[in-house]
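K.L.:
So Swiss-Prot has the following annotated:
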- LYS37: active site (ACT_SITE)
- 12-17, ASP49, 107-110, 167-168, 197-199: ATP binding site (BINDING)
- THR16, ASP49, GLU107: Mg(2+) binding site (BINDING)
- THR41: substrate binding site (BINDING)
Amino acid sequence: MSILFISGTGTDVGKTIATAALASAFHHRGDRVIPVKPVQTGEPDGRGDIHTVEKLSGIRGVEFTRYPDPLAPNLAARRAGLPQVTLPDLAREIRDLDAPDRIVLVEGAGGVLVRLADDLTLLDVAAELDAPLVLVTSLGLGSLNAAELSVQAARTAGVEVLGLIGGSASPDPGLAEQLNHGELTRICRVPLLGVLPAGAGDLLPDDFQAMAQSCLTLPL
């Protein structure tokens, strides 16, 4: 049915929590959803982003490749002496999960230009699959520049950006965070699909899923 990529303006902006929230909201709408993490780095077995998504959303996910060190995937593969991922393999594995009645949510590693392999980024994979992107961004100082650069990079690569999700929003936002909501949509020329509260990842699954339904506008 649809393949949707989720990336961020950087590390620790709330990308995994946003992926779990999207999975929950799509599932609540009645869609079949499968979250995918093509490359995981720096987590022991039994832990990692896809496990967080599964715990919060209650939806089983898939992880393709894992490297031991907490580095960009190409560096982690090189340091471990393991093969780097390739565009043909990633595209095939993601296509194999796609089905007419299913939404495949593909969570990247770090930002849009983080190298999955020496000459491969998440944007390359999205472009190969002709799949759109949702960008997760911080909301405080520095967010505007990072978000606009990320959206520009996606568009240059031929990847459509369907919208932004604000991650880890403070319960007591400062002036910059308050004003950046509107400014992000203006400069990036895409809608703000929702804002997820700080600490959302600590919620119990039922509470998390209710939060996701109330906080997000689905992009598809």
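Each residue, glycine too, has its Cβ placed from N, Cα and C.
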K.L.:
Which one, from the binding-site residues ASP12, GLU107, has the smallest tally of other C-beta atoms lying within 10 Å of its C-beta?
P.N.:
ASP12
K.L.:
Since the record lists THR16, THR41, SER168 as binding-site residues, which of them has the fewest other Cβ atoms within 10 Å of its Cβ?
P.N.:
SER168
K.L.:
Check the Cα-Cα distances from THR16 (ATP binding site) to the recorded positions LYS37, THR41, GLU107 and tell me which is shortest.
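P.N.:
Given the candidates LYS37, THR41, GLU107, the nearest one is GLU107.
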K.L.:
Please report how many Å separate the Cα atom of GLU107 (Mg(2+) binding site) from that of SER168 (ATP binding site), as a whole number.
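P.N.:
About 17 Å separates the two Cα atoms.
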K.L.:
Residues with Cβ closer than 8 Å to the Cβ of ASP49 (ATP binding site), same chain and 6+ apart in sequence?
P.N.:
LYS15, THR16, THR19, LYS37, GLN40, GLU43, GLU107
K.L.:
Measure from the CA atom of THR41 (substrate binding site) to the CA atom of GLY110 (ATP binding site) and give the result in Å, rounded to a whole number.
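P.N.:
Distance (Cα to Cα, whole Å): 11 Å.
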K.L.:
What other residues of this chain sit with their CB within 8 A of the center of the CB atoms of THR16, ASP49, GLU107, the recorded Mg(2+) site?
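P.N.:
Neighbours found: ILE6, LYS15, THR19, ALA20, PRO35, LYS37, GLY48, ILE50, THR52, VAL53.
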K.L.:
Give the three-state DSSP assignment (helix, strand or coil) for THR16 (ATP binding site).
P.N.:
helix
K.L.:
For ALA198 (ATP binding site), which residues of its chain lie six or more apart in sequence with Cβ-Cβ distance below 8 Å?
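P.N.:
Residues satisfying the criterion: SER168, ALA169, SER170, PRO171.
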